[in-house]
Amino acid sequence: MNAPQSSRSPTERSRVAEILRDETVGGALLLAAAAVALVWANSPWSAAYFTIGQFELGPTALHLNLSISSWAEEGLMAIFFFVAGLELAQEVTSGELHGRRRAAVPVAAAIGGMLVPAAVYAAVNLASVGGDLRGWAIPAPTDIAFALAVLAVIGSHLPAQLRAFLLALAVVDDFLAIVIIATFFSEALSYGALVGGIAGVGIFAVAVRRAYRPWWLLVLIAVATWILFHSSGIHATVAGAALGLVVPTRGEQHGRSLSARYEHLLRPVSAGLAAPVFAFVAAGVAVGGLAGLGTALSDPVALGVVLGLLLGKPIGVFGATVLFARYGPGRLDSGLGRVDLLGIAVIAGIGFTVSLLIVDLAYGSGTVFGSHATLGVLVGSSLSAAVGAVILSMRNRTYRMLASTVPDEDDFTEPGETEETEPGVDESTELDEIEETDRGEDEVTDPGEGESTQRGEDSDT
């Protein structure tokens, strides 16, 4: 079946998709979307902004007449978590989470990085008059796109192991966030719909492993599964993560797994559409000037979020990493210094996307606590990004100075050796190529060949 056509040429679509895969671009889009929302919500035209978020559309018969905000929260964020599920499965199969000793430290760091911020939030609110504990999970998550973007911007000479460690930490963090959402922020359960949703995940797992798997059939199964999860009372983003986890991670053609190929295909949608649109509808809160900002941040809810992200997150991540690597069964790469890990632990305090999602689940949009918690996420994430960038910039300068004293390996290229480059790929044919591969074509161009991915080409084992 032919892929849908658009007015853009294949070359233009491929170029746009490749730009959206860049980590710095994804982070910039998130920041821009949040900034536009915040400015608009505090402008004379703020009524229009809030009207857009509350506008409802969708089929009433399926109980899907949802607001734009709800579609972004449960629909687009399901795509975001589907990609996160793909990443987690690949990391477990062949990445930083492959093998117990190798996975132990990032997993411990992620757990510590969720428990300590939650404890900090709880302590602040228990010790304060007017505190509220419903938002305990808000400072727990790490925004994988934003954190990797900060690292990409200032980490030109930092060890590659740092990015791998941050990616593994953030992927486990996303999984734990899904567990928290499913466990603590679900409504009254409809067990029939829940069983149907679980069955949908099983059917998807079987269908995606068949020799012939038309993309439209997989999309149809995925949408049906999402609807069932939504109807069950379990937050619909859980469906996205579950579906991503069951996609095969073993290599098929050219040593590249189907999971890696789907991630390559959907990364621009997640980074360029899902996360920024959600940030736009979630980050817009009426501040009320500097006086209003001061009042909001003095609220124990906002203060707990800020301190949880800025202090609790680095303490939890750094402390768990050092302790588990030294006294536990885990293994930490010898090339990572303590200051490097501290910088990573600080930028792990960038909560943003998933934290904003939990704000909406805990307090709802438009509430006083919800607005204050949102400001806490924005301030805490911004401070974490700034402090982490300062630490890692100093380390980057040190590594750059060390690199300048070491001869470049390119200067010792053997005679006759040349660097091989591969041409770009037409993104418009990627879905068809996956289908042709499944039908057993002898020669099919790999849809991701020659293009970089977030993880590299070692997704298969």
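Even glycines carry a Cβ here, placed using N, Cα and C.
Small disclaimer: the values here were computed from a predicted structure and weren't measured.
Database features (TrEMBL):
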- 407-449: compositional bias 'Acidic residues' (COMPBIAS)
- 452-461: compositional bias 'Basic and acidic residues' (COMPBIAS)
- 405-461: region 'Disordered' (REGION)
- 28-52: transmembrane segment (TRANSMEM)
- 64-83: transmembrane segment (TRANSMEM)
- 103-124: transmembrane segment (TRANSMEM)
- 136-158: transmembrane segment (TRANSMEM)
- 164-184: transmembrane segment (TRANSMEM)
- 191-209: transmembrane segment (TRANSMEM)
- 215-248: transmembrane segment (TRANSMEM)
- 269-295: transmembrane segment (TRANSMEM)
- 301-327: transmembrane segment (TRANSMEM)
- 339-363: transmembrane segment (TRANSMEM)
- 369-392: transmembrane segment (TRANSMEM)
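The list of residues near the transmembrane segment (269-295) in space but at least 6 beyond its ends in sequence, with Cβ under 8 angstroms from a Cβ of it, reads 20-21, 25-26, 29-30, 32-34, 36-38, 40-42, 46, 49-50, 52-53, 68-69, 72-73, 76-77, 79-80, 82-83, 145, 352-353, 356-357, 359-360, 365, 370-371, 374-375, 378. The stretches the transmembrane segment (164-184) and the transmembrane segment (339-363) are in mutual contact, each linked to the other by at least three Cβ pairs under 8 Å (pairs 6 or more apart in sequence). Long-range neighbours of the transmembrane segment (28-52) within the same chain, counting only residues 6 or more positions beyond its ends whose Cβ lies under 8 Å from a Cβ of the stretch, are 68, 143, 145-146, 149, 271-272, 275-277, 279-288, 352-353, 366, 378. At the 8 Å Cβ threshold, with sequence separation of at least 6, the transmembrane segment (64-83) lacks contact with the transmembrane segment (191-209), having fewer than 3 such pairs.
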